[in-house]
Amino acid sequence: MARHGDTRSPSPVGSTYSSSRRSRRDDDRYERKRDDGRSYRRSRSPERRYRERDRDRDSYRRRDHSVDRRDSHRDEDNYRRRDRSRDRRRSRDRDHDRDYRRRSRSRDRDYRSRRDDSRDRVRRRTDDSADLKRKSRRDDSRDRTRGAEPKSREASTPAIPTRTGPTDDEKRAERLAKLEAWKQKQAAEKERKQKEAEASGGPRNILEEIDRKSGLSPAVSSPQSPATQGVDAAPAAYAGKFDPKAIAKNAAQTPAAPSVLGNDVAVPSSAKTSNAQTARVQASKASGNAPSPAVLKAKGNVGSFGLGTKQVADNEKSIATKTLGFGEEESTRRKLERLPTPPLDDADASKTAETNADDDDDVDMQDGETEEDAAAAARVAAERREERLQNESLTKTTNGNTTAKAEEADKMEVDAQEEELDPLDAFMSELAESAPPKKKAGAKFSKAQEPEAIFGDEHDVSMTAVGEGDAEDFLAIASKAKKKKDIPTVDHNKVEYEPFRRKFYTEPSDLAQMSEEEAANLRLELDGIKVRGLDVPKPVQKWSQCGLGIQTLDVIDKLGFASLTSIQAQAIPAIMSGRDVIGVAKTGSGKTMAFLIPMFRHIKDQRPLENMEGPIGLIMTPTRELATQIHKDCKPFLKALNLRAVCAYGGAPIKDQIAELKRGAEIIVCTPGRMIDLLAANAGRVTNLRRVTYVVLDEADRMFDMGFEPQVMKILSNVRPDRQTVLFSATFPRNMEALARKTLTKPIEIVVGGRSVVAPEITQIVEVCNEEKKFVRLLELLGNLYSTDENEDARSLIFVDRQEAADTLLRELMRKGYPCMSIHGGKDQIDRDSTIEDFKAGIFPVLIATSVAARGLDVKQLKLVVNYDAPNHLEDYVHRAGRTGRAGNTGTAVTFLTEDQERYSVDIAKALKQSGQEVPEAVQKLVDSFLEKVKAGKEKASNSGFGGKGLERLDQERDAARMRERRTYKTGEEGEDEEEKDEKKNEQAEEQFNKVLSAVQSTSAQLPGVPKGIDLDGKITVHKREVDPNAPNNPLDKVGSAVADIHARLSRAGVMRSGVPIDNRGPDAGAFHATLEINDFPQKARWAVTNRTNVAKILEATGTSITTKGSFYPAGKEPGPGENPKLYILVEGETELSVTNAMRELMRLLKEGTIAAVDSESRAPASGRYSVV
């Protein structure tokens, strides 16, 4: 039954919060609940307390499990409440009293007995100082100074000598009698059942003694007879903390207790018993005496009777048994513990208790056995094993931490496994262990736990993964991480691709009946379509003839596409037939829909995408704006067809694009650079091109130009060879066509209206004017456009050739009152996107842009395009002018030419002629003038196409940025790559240094520029100063002239700045001199050898004189007669070695400055376009 002393509270057993602190704060309320109706509250005399103890102890045990047992707790609580008096709080034992109150909450304690026992124990501690340390530890762990008063100690002191003699004799006699009876009973009974041993009347007292030792119940720990008192002396401190001398006093009055076994079995105090047993093991271990193993023996024997076994298995090892598999060990322990040794051990333990008064906590029944030596020897292994388990449970129970218990058991198991595997480790463990059997038991113990070695296995696996790694693998991984991200080359012969369907077009009957002549006439009517190739399908006239699905046709109808454009009529049936197509058509002719609609039909025919599969349709564009526009054109079809598309371009966060690709997308619209980044990201796990069967290159001429061609070819090489490839552009030069045909298979070439022709709906105006008049003319054009109401919502697009010019023109137009914005490659992508959207929405009517907005930009109401700076080739002009006059609308394109831009006039005049417009006379004059210069060899004819700097410049910029980050953050991963790049950079610097390095010149006093020998190897040549033959040979005269010279210099010392060398008037100040020309070095190099800091260091180190002479001349300019020579440095010194060292240092600074200049150029290359300030 649950009592007030129950320890099943939220607070830990060892904490004082739930008892002492609460007792202090809520004294009255708490004691009213616990102490109503209790007696003996006012008695504080020792005599009365002793009488109460003598009278009630035996009766307390007799009614152990009766209802009256609660009264004993109440009596104890009354006594405890008495202790909280004013005098008690002034006592030194105030903290001990709190501990006593805390410990008294356990359910199975005889509090009055413990109170008296604490008094006697304090007295024994005073008498026997040798055992003070051990005694104090037991008091700390279990019941230190449990509220005993000083008066009670004094009263109990004289009673000890009178009780010592008879207690010993009675205990010895009683123990011999019990031993004989127990041996007879054991010989008669050889079964291991516990209840049969308990049912016998002979060993009843033995059971009670054993019960008190195990600490099951306060009732069991009370003495039954004089012989029992002697037995109780050993385990009393553990269960009830009774003094054997105090027990002997009342031995004659104590009757035998009723059936103890049944009561003990019914006691639900397993948790408390486990804690008590753990505390006893700790006390025994702390004492350092031999009885420590005996404690385990006693507990083992108790287990054989069915008392301790249940508690040990259920309480102390419940967690360990479940998690680590102690079942085999437990069965072995029960098998060995049934041997009949407790009486002899207990007798010997009582002798130990007589010798050491404080050893009653540690005395066991098996220390002094005389007849059971063989049985004890057989049980040694099990006892040592039990001791190990108890030591483990001590830490675990005290801390209340099951995780620590599991870890401790795991450590023990790992050690045991090592002992089994390695004899040397076993031997070392044997040396470390105090007893060899303990090691054997541990090894045997670990075998039972091996299947459950969870933590040990995990640690072993992790150590193996790190420790057994091959060094070459790590080096390979490191070198791989250093390499630049690149797409791995795919061997298509080793990859099995899924077959796919290419032909979806079936020629309608009305077109099949059409003859070739009729088809040619139809193509002529459709803006003069020109086709090249084999088996070209006839152009269609209606959407219904294209073989499209109903969903696609519904979207087309909703978009308002009533009829097909010329390029669509010919390109859609050609693409739907599965052929590779090159489509060239004028701007604004619907080329985007010509390749999008067949792509949707192509994708829907294939199986859906699975997890981590790449796209099916790939569309690449040269500009980010064009990619965004194509992606926007796809959206109406995506929802109807249940498809997904991703737009991937640089400038936007790549993580968002990666997330979209991982979710799956059938279509990806991208720029080449970002596509390479995505393919190389995460070692190619983001996306792949295995399922790509439909590739579109929009603005294909730009894609195959020098800037994009390597990237495009790198991507196409990773796509399956039997793909369908489609190329579209408004301009397609012949040289680009030859390059593009390498990627196609038997293509059909479709040209509508000419290869690079401006649409006839566009009015082209070309004017030749000065640079100053261009802005005024621009204001005039804008004023005329927005002067009428019908053009109120019109848009104007102004093209310039440089980023700085765009911002400058923006500022000027804003001052004139025109709301406008600018767009160019120097702006962030988010700014470019928002600017395009605002311009299309009409938020501002004027947009200033570079050629980045020349391709693919489709803006409604765009009626005026102004080429403020003339385009540099034909294709750029066509695309710029093609931003207006789209989809049949009219527009105007105005181009400004200056006198010095005659090389651009040739392409502009050609575009005018091809579009059927007249060439102005001023423009024709510029054309004729340029052609004459070409014939004369003064000029070179310009090639068509955009050209570009290729990937080398991009790689250089990326490498420079990466090196800058490495220097900033010092990642420690520079390694070989950094060394190689440093070598390349040094080589470049050496080349430039050698180009501009002038040899060290030796000069005479009168002619410093002679001789002018150049030493490209950078050898330092030092010349000795020539001696004037007219100079006086008298040493005194030399001294006088030197003194005069010094005075002359000192007189000017105050005039000169600090740190500046004194003017030495040429090479007369030292015996040796040398010169170093620095005029043609970069600015940083010149600054490195002329700034005062560096020069002062050299002067201090070498003792020379360094002077900067001459004048600086720009590159290509030579000094005229009578002018100062080019900038050079004069070094003078008294010894040749000093001059040589100074020159070497100056040349080193020159090299470093040159390298720094090269590095700065590669880090921030002068693009000549735009620089963000």
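Cβ coordinates come from backbone N, Cα and C, glycine included.
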Matching range for Swiss-Prot feature annotation, motif 'DEAD box', among 326-329, 338-341, 698-701, 918-921: 698-701
Among ranges 541-569, 570-598, 628-656, whichever one Swiss-Prot labels motif 'Q motif': 541-569
Per-state residue totals over the compositional bias 'Basic and acidic residues' (381-390) - DSSP helix, strand, coil: 10 helix, 0 strand, 0 coil
Segment confidence, the domain 'Helicase ATP-binding' (572-750), expressed as mean pLDDT: 89
